[in-house]
Amino acid sequence: MTPYSLLRPLIFRIPAEPAHRLTIKALGLAQGGTTLAPTPSLAQRIAGLAFPNPVGMAPGFDKNAEVPDAMLGLGFGFVEVGTVTPRPQEGNPKPRLFRLVEDRAVINRMGFNNEGAQAVTNRLVRRRETGKHGLPGIVGVNIGANKDSADRIADYALMTRLMAPLASYLTVNISSPNTPGLRALQDEGALAALLDAVIEARGNMTTPVFLKLAPDLEPADIDSICRIAIEKQLAALIISNTTITRPVLRSAHAGEAGGLSGAPLRELALQRLRDFRKASGGAIPLVGVGGIATVDDAWERIRAGASLIQIYSAMVYEGPGLARRLVAGLERKVREAGLTSIAEAVGSE
């Protein structure tokens, strides 16, 4: 039992979105805390970046880059902020975030609510230039298009030009189910055109580009995405976003529209990771996301082909100490397997 498990019933009396906002405000008071020292057996160099451990904070938690250093201070090896769009947008009508407690899951239909590129740029510039929150650490930026955009590819190109100078890496998010038509950019022709625009917009900058994908894909889609990603020399694929499918759920909010994350996504996300590992032949690094809540979950995802992992929904149920527990557990798994580096375990199942 952890201190968080004692507090959780009280926290869950607050609706999900206001509780999240209170959490961000509380973490803002902790900005500048101590980061977790690199763990030699867990450290990896991927896409030219030195990850101190493979456990990352998924986007959606810190949408506006308000608390990246506080999250690094919780033990994360990297943090991904966003999704950020060119212009501020309110997102979908509330309520739009639901805890499914009996299923240890979350349904969201947030709709890329964020303060926009200018606000996030200001925070990242301040972080870099003032040193006030200038802790070392990998902070990626997840970029998206405005819902009412007349040219979504142009939005991604603009976001690339704005964020590439400030981000450790960029993630092109075309897999949210909560922006109508967005997932169509995963189609072969649209994806190639999008990535060409992003790469052109990046210009001479070397910021790695990741691509975040949906779990609700057909085998032919997976093959074409891998081919294009390798051809365009993307740095990594993130598998996966939330799902619009609905396994058997017990919670009262099970029928809510939106993307499902947490424990019910685990098997689907794991299978899609394996599918992408097979289709890519290991030619591109993979980031495993979806339903990871325990050390065994994390280790399984690594052995299935993920070089890195990300968590979010599990934090709702397990609390802020989860990242450090996963890091300690993965270090133990590497040692028990007789390995010197977690990189040796990637894809070893």
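Numbering starts at 1 and runs along the chain as displayed.
Positions of Cβ are set from backbone N, Cα and C atoms, glycine also.
The FMN binding site annotation in Swiss-Prot covers Pro59, Gly60, Phe61, Asp62, Lys63, Thr83, Asn142, Asn173, Lys212, Ser240, Gly262, Gly291, Tyr312, Ser313, and the record cites sequence analysis as its basis. Among the features that Swiss-Prot reports, substrate binding site is placed at Lys63, Asn108, Arg109, Met110, Gly111, Phe112, Asn173, Asn178, Asn241, Thr242, with the record citing sequence analysis. Per Swiss-Prot, the feature active site, nucleophile maps to Ser176.
Looking only at the binding-site residues Asn142, Lys212, Asn241, Gly262, the one with its C-alpha closest to Ser176 (active site, nucleophile) is Asn241. Asn241 (substrate binding site) sits 10 Å from Pro59 (FMN binding site), taking the C-alpha atoms as the reference points. Take the Cα of Gly262 (FMN binding site) and measure to each of the binding-site residues Arg109, Gly111, Asn173: the nearest one is Arg109.
Listed in chain order, the residues near the substrate site other than Lys63, Asn108, Arg109, Met110, Gly111, Phe112, Asn173, Asn178, Asn241, Thr242 are Gly60, Thr83, Gly91, Ser176, Pro177, Thr179, Gly258, Gly259, each with its Cβ within 8 Å of the site Cβ centroid. Remark: Tyr312 (FMN binding site) has Met57, Ala58, Pro59, Gly60, Phe61, Ser261, Val289 as non-local neighbours, by Cβ distance under 8 Å and separation of at least 6 in sequence.
A 10 Å radius around the C-alpha of Asn142 (FMN binding site) takes in these binding-site residues out of Arg109, Gly111, Asn173, in sequence order: Asn173. According to DSSP, Asn241 (substrate binding site) sits in a coil region rather than a helix or strand.
Within 10 Å of the C-beta of Ser176 (active site, nucleophile) there are 25 other C-beta atoms, taking all protein chains into account. Across the binding-site residues listed here (Lys63, Arg109, Lys212), the residue whose Cβ sits among the most other Cβ atoms within 10 Å is Lys212.
Cα-Cα distance from Lys63 (FMN binding site) to Arg109 (substrate binding site): 14 Å (rounded to the nearest whole number). Of the recorded residues, Arg109 (substrate binding site) and Lys212 (FMN binding site) place their C-alpha atoms 17 Å from one another.
Summary for the binding-site residues Pro59, Gly111, Gly262: the Cβ-based neighbour count within 10 Å is maximal at Pro59. Cβ-based neighbour count (10 Å, all protein chains) for Asn241 (substrate binding site) stands at 27.
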